[in-house]
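Engineer: Sharing a structure with you now.
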Amino acid sequence: MFLEVQHIIKSFGAEKVVKDLSFSLKAKQTLSILGKSGCGKTTMLKTIGGLLSPDSGKILLDGEDITETRPEKRNIVYLYQEDLLFPHLNAYENIAFGLRLKKIPEGLIKEKVGHMLHSLELEGQAEKMPNQLSGGQRQRVSFGRAISTNPSLLLLDEPFGSLDTGTRQRMQELFKKLTAEYDITSLFVTHDLKEAVLMGDQIGFMQNGLLTVYSDKKDFIQDPQTGVQNEIEFWGGLR
Amino acid sequence: MRVNWKPFVLSLAVLLILFPFVYLVFLSLASEWRFPEVWPSYLGLKNWVTVFGSETGLLRSFFSSLLISLSVAVFSTASGFMISKAVFYHPKKRTLTLLAYFPYILAPVVFAACLSFFFLKMGLFGNMTGVVVAQFIIAFPYALLFFSSFWNEKVKSYEDLVATLGGNKWQTYTKVVLPLAKGLLMICFFQTFLISWFEYGLTSIIGIGKVQTLTIKVFMFIKEANYYYGALSCCLLIFPPVVLLYFNKRYVFKKLV
């Protein structure tokens, strides 16, 4: 397995936010995790990304124990719900940001960012500052910035949560295209049931700090906890 | 036809604002202007030539003030910025912020009297280092409180994002945090410079007359009833803040708006 998370526990004071978290993920796959606000999704992602230290447990990435590794050395990029574009840099420089941190030669940066702008359908927007871009464009630049560094693992924390329905749908399609094009392994956290089903090769459900990963989508649909049955009943009742 | 009073009122307001400054320059050029004469008997550059000939030590005071204020502004802005971050992430953030108001509870002269014993013990009485330290004690809490509004969850998220993109602490500061805070840093530098530049109470007690900043000189001339030198030193006193204000307006406020 490419990513192995073993018995991770994380508490804040007396409150145990993540309880015995264990799962694994194959390379180039997306695990979508469904969960309500406050169930521990963000804490789980931040712990895997190295932004929070676990109280106990182990994280293995491509066979290497990264539990104690600093976030800048993990090659795991964490994407927030907010696009967090750097306001003092234009779209091109935002995408090139991670590459410049790694001191990649200028020619290669130009080539990579140019290719990324094309993949993100952002040609002609390179010189625009973040405040001149729409919500969807900003989120695409944010994706580009994360993917251009070729991360081993991408952690997405409700990345489309702030977008309108139409833009959200287009971004979901774009994300599927990019994951295939750039061979991305990712954890995709969402509280949207449909998005969880659409985005993941595997699906997990998180509740009260406990994660259940389903071996196939049918099990997820059958589990009454996930709320899929309620949705089916609701939409069926409208016929 | 209705008369539009707006341009007249505006012109009057501008005149009223500019009058004290123009009058200061005029007074600095005058000498021997006695009642009931409506015009000074001498109007020329005599006072300025004397000053630049350093007879009264005004020019030296100007450079001393500049050195003290620049030191105070640089140290308090830099340390205020860094320490305000530590305060923001500290569990006792509220208590620490409250403590920062302490130097402002007391009048500067009383505060200086309280500090004087320690300054005397440390050999900081009556020298420039002592004045810089004393003014820093006033300017630093200001910078600390000023930057407390900069640090928030969003800046923390930016820092975390840079870390996951592979950036170390130095890169996080130079490439993201400092560019984000650039405008605020310049404003804080300007404000702390002004706090130090116009400081009188602390400087007069800790400096014990040996450190003569321009503000101290102005008060001295006024006490001596030497209005012409007083006006001249006021002109010198106003010059650096005006230059700083110009740079702030040109390079900072335009970007902030």
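Glycine too: its Cβ is placed from the backbone N, Cα and C atoms.
Annotations in TrEMBL come from automatic prediction, not curation.
Taken from TrEMBL, the feature transmembrane segment applies to B:62-84, B:96-120, B:132-151, B:176-198, B:227-247. Residues annotated as domain 'ABC transmembrane type-1' in TrEMBL: B:62-247.
I'd like to know what surrounds each of these features in this structure.
Structural biologist: Tertiary neighbourhood of the transmembrane segment (B:62-84): same-chain residues 128, 131-132, 135-136, 139-140, 142-148, 150-151, 181, 185, 188-190, 192-193, 195-197, 211-215, 236-237, 240, selected by CB-CB distance under 8 Å and a gap of 6+ residues from either end.
Residues 87, 90, 130, 133-134, 137-138, 141, 144-145, 148, 199-202, 204-206 of the same chain sit 6 or more residues outside the transmembrane segment (B:96-120) yet have a Cβ under 8 Å from a Cβ within it.
With a threshold of 8 Å between CB atoms, the same-chain residues lying at least 6 positions outside the transmembrane segment (B:132-151) that come near it are 68-69, 71-73, 75-77, 79-81, 83-85, 87-89, 97, 100-104, 108, 111-112, 115, 119, 124, 181, 184, 187-188, 191-192, 195-196, 199, 202-203, 206.
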